[in-house]
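Annotated GTP binding site per Swiss-Prot: Gln11, Glu69, Ser138, Gly142, Thr143, Gly144, Asn204, Asn226, in sequence order. Marked as Mg(2+) binding site by Swiss-Prot: Glu69. Summarising the annotation, Swiss-Prot assigns compositional bias 'Acidic residues' to 429-449. Under the heading region 'Disordered', Swiss-Prot lists 425-449.
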Amino acid sequence: MREILHIQGGQCGNQIGSKFWEVVCDEHGIDPTGRYVGNSDLQLERVNVYYNEASCGRYVPRAILMDLEPGTMDSVRTGPYGQIFRPDNFVFGQSGAGNNWAKGHYTEGAELIDAVLDVVRKEAENCDCLQGFQVCHSLGGGTGSGMGTLLISKIREEYPDRMMLTFSVFPSPKVSDTVVEPYNATLSVHQLVENADECMVLDNEALYDICFRTLKLTTPSFGDLNHLISATMSGVTCCLRFPGQLNSDLRKLAVNLIPFPRLHFFMVGFAPLTSRGSQQYRALTVPELTQQMWDSKNMMCAADPRHGRYLTASAMFRGKMSTKEVDEQMINVQNKNSSYFVEWIPNNVKSSVCDIAPRGLSMASTFIGNSTSIQEMFRRVSEQFTAMFRRKAFLHWYTGEGMDEMEFTEAESNMNDLVSEYQQYQDATADDEGEYEEDEDEEEILDHE
């Protein structure tokens, strides 16, 4: 019941995704061959959200792995949990997308997409009551961004009433892998605004900072970054996988977090984050978790919530704790920092509690915030985009794959619209509702055109 299909695409998506499966397998007591070796009935109670039980009693992840080159998948296959995936669910091409969104979305990716959709259908038919899809990808490359958004739009057509959740790694301000990241990211956001229900925004630089400052790692590797992401991913979905006092699912999450359909890009955080050496000196209490969870240094994307206001937020606590204390702490945060929450959405913080803590911790919490300050990220990418697009730099790589400049202009203006929508609601107060009604009528007229 309530299954989620997991799809990972491109190098980044496959690396994050395989780390996620290591964490989830560990939490459910499933070993790398798919056998159950756990010690608690709770691990198996809702194991079918993410796993299919095969005839011989093995548990197989409901995961689909795709890429336009075989390299990353080979390393997933030879990795610690590589043998647990269904071999048919590895779908890969040979050519690679070469960090080119157009190759992923229109040419190379379009040739492979039907093979991926066949696997998606097969997995969806195996579900009792499919709740939705979660997609792991990056927006800076070619496959995860171009082919990832193509797949999302195709799934949208075929399963319009299912939730679509993405874990999207945005290009970072200082750490850049490729020159054309701003192009790829802007074209992807253009798609995600329309076709995804919820986007968890991640960004390597913020993750580096967490590893460096909070976890005191001198040379953080991608493995360390992905470990942070997988802790968050596991936290977002723990309510679905374990019993809890206040449960939520993907749809409840969306209903509580998204006041306006386009504004579905969330900041995520995780607590407790402690360096390996200092764990034993830390007392874990609900107030301490709450404090760290709302800390701007804890956010996994490079935007500072203090520069904007929270429209809504959701906190998921895990472990044995009193729900009364959780509620008190959350109200406390809102009262002390009321200027950081929009006053025209009362009670805009939802909390849920799941009884099972992650491995090695007595309690933990995952934070998801819909903050207007996320416009900083879009603004930054947009500036880099404009700087290059004004000179038409690197455009021939995209037009050569059949793209039109018009599409770039549309994506650019869609992203700028998104930024100004966030700004509009950041400045809004509870009194000036008259202005809005007019704006909304105008928007409707535009929509119908």
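For all residues, glycine too, the Cβ spot is worked out from N, Cα and C.
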- [ ] Let me know how many other Cβ atoms fall within 10 Å of the Cβ of Gln11 (GTP binding site).
- [x] 25
Task: Ser138 (GTP binding site) CB neighbourhood, other CB atoms within 10 A - done: 30
Open item on the list: So if I draw a 10 Å sphere around the Cβ of Gly142 (GTP binding site), how many other Cβ atoms end up inside it?
Closed with: 29
Task: Cβ-Cβ distance under 8 Å to Asn204 (GTP binding site), same chain, at least six residues away - done: Val169, Ser172, Val175, Leu225
Task: In three-state DSSP terms, the structure that Asn204 (GTP binding site) belongs to - done: helix
TODO: Could you tell me which three-state DSSP class Gln11 (GTP binding site) falls into?
DONE: helix
Open item on the list: Applying a 10 Å Cβ distance cut-off over all chains shown, what neighbour count does Gly144 (GTP binding site) have?
Closed with: 32
- [ ] Let me know how many other Cβ atoms fall within 10 Å of the Cβ of Thr143 (GTP binding site).
- [x] 34
Task: Neighbour count (Cβ, 10 Å) for Asn226 (GTP binding site) - done: 24
